[in-house]
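Positions annotated as transit peptide by Swiss-Prot, on the basis of sequence analysis: 1-32. The annotation region 'Disordered' is assigned in Swiss-Prot to 34-59. Sequence annotations record features per position, and here Swiss-Prot assigns ATP binding site to T60, K61, T62, G63, S68, S69, K78, R190, R191, A192, E193, R194, N214 based on experimental evidence. Annotated N6-succinyllysine per Swiss-Prot: K211, K230, in sequence order, evidence recorded as similarity to another entry.
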Amino acid sequence: MAVCGLGSRLGLGSRLGLRGCFGAARLLYPRFQSRGPQGVEDGDRPQPSSKTPRIPKIYTKTGDKGFSSTFTGERRPKDDQVFEAVGTTDELSSAIGFALELVTEKGHTFAEELQKIQCTLQDVGSALATPCSSAREAHLKYTTFKAGPILELEQWIDKYTSQLPPLTAFILPSGGKISSALHFCRAVCRRAERRVVPLVQMGETDANVAKFLNRLSDYLFTLARYAAMKEGNQEKIYMKNDPSAESEGL
C-alpha cells in the first residue's frame, strides 16, 4: 500500500506485511481512525498518563462486519476484487519469504533479489489498494507503479537463462527444496496475476502491476531451474501416463 512506501522511509516496511500496512495507514492517517464503539467518543476514553507511552493495538475491530478500507478511505466488502488481489499479493510475499529463508541458509547470492522483490510487492499492494475510481491525485502520487521493476526482472531472467541448458521437455516442480519452494511461489504469483487482470480491465489499477506479476512468474520459474542446477539436483521431467502402454506390457 501507499503507506508501505511511506513506511519504508520511516523504517516500517521491513517489519510490516501488506495487512500490517493497512494498520499503519490507520495510525498515520486520521481518516482511517475509528471513533470506537457506538456512543463512545475519543474524549470519553481513559487517557494514558503522560509518562506512559501509548502503544497502539494491532486490532481495530473496524473490520468485524466484513468491510475494510482502501487507501483512499473507501469502505468495501472484504471479498471485493481489490482485497482479493491485495490478499493474494500478500500470500505471494509470504511464500517468497519462506523460500528466502531456505535460500539464505544455502548462501545463494540471489537472496538479495528475492528480498527486493518482497519490497516491490509492497508497492504492488499500494497500487492495488488505491482504486483509480476513488483515488485523488494526492493518493496516486504515492502509489503509482512504475515500469522500472519490470525491466529489472527481465535483466535477471536473461542473466540466469544464459547459464541454463535449454528446455527440451515440460518439467515438474522439483529439483530440491529451494527449487520446489520457488515453483510454489511461481504458482501463487500466477494466481495473483489472475486476481489483478480484472482490475486492470476495469481501469481500477495500472497495467504495469499485471505486467510485473507476469514477469515475476517467469523470473521465479527461471530461478527455480537455476537453483536446481547450482545445487546439482535433477529436475523431474513430465511423462505422459498412458494406461494402454502398461496393458500392452502384461
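We number each residue from 1, going along the chain as drawn.
Glycine is treated like the rest: Cβ placed from N, Cα and C.
In this structure the alpha carbons, written CA, of E193 (ATP binding site) and K211 (N6-succinyllysine) are 8 Å apart. The highest number of surrounding Cβ atoms within 10 Å, among the binding-site residues T62, S68, is found at S68. When Cβ atoms from all protein chains are considered, those within 10 Å of K230 (N6-succinyllysine) total 18, not counting its own. In the three-state DSSP assignment, the secondary structure recorded for T62 (ATP binding site) is coil. For K211 (N6-succinyllysine), the nearest neighbour among the listed recorded positions (T60, T62, S68, R191, K230), judged by C-alpha distance, is R191. Fewest Cβ neighbours within 10 Å among the recorded positions T60, K78, K211: this applies to K78. Maximum C-alpha to C-alpha distance over the listed ATP-binding residues T60, K61, T62, G63, S68, S69, K78, R190, R191, A192, E193, R194, N214 is 35 Å. A straight line from the CA of S68 (ATP binding site) to the CA of K230 (N6-succinyllysine) spans 44 Å. Between the CA atoms of T62 (ATP binding site) and K230 (N6-succinyllysine) there is a gap of 48 Å, rounded to the nearest whole number. Counting only residues at least six positions away in the same chain, the Cβ atoms of E193 sit under 8 Å from the Cβ of N214 (ATP binding site). Around R191 (ATP binding site), a 10 Å sphere centred on its CB holds 16 further CB atoms from the protein chains shown.
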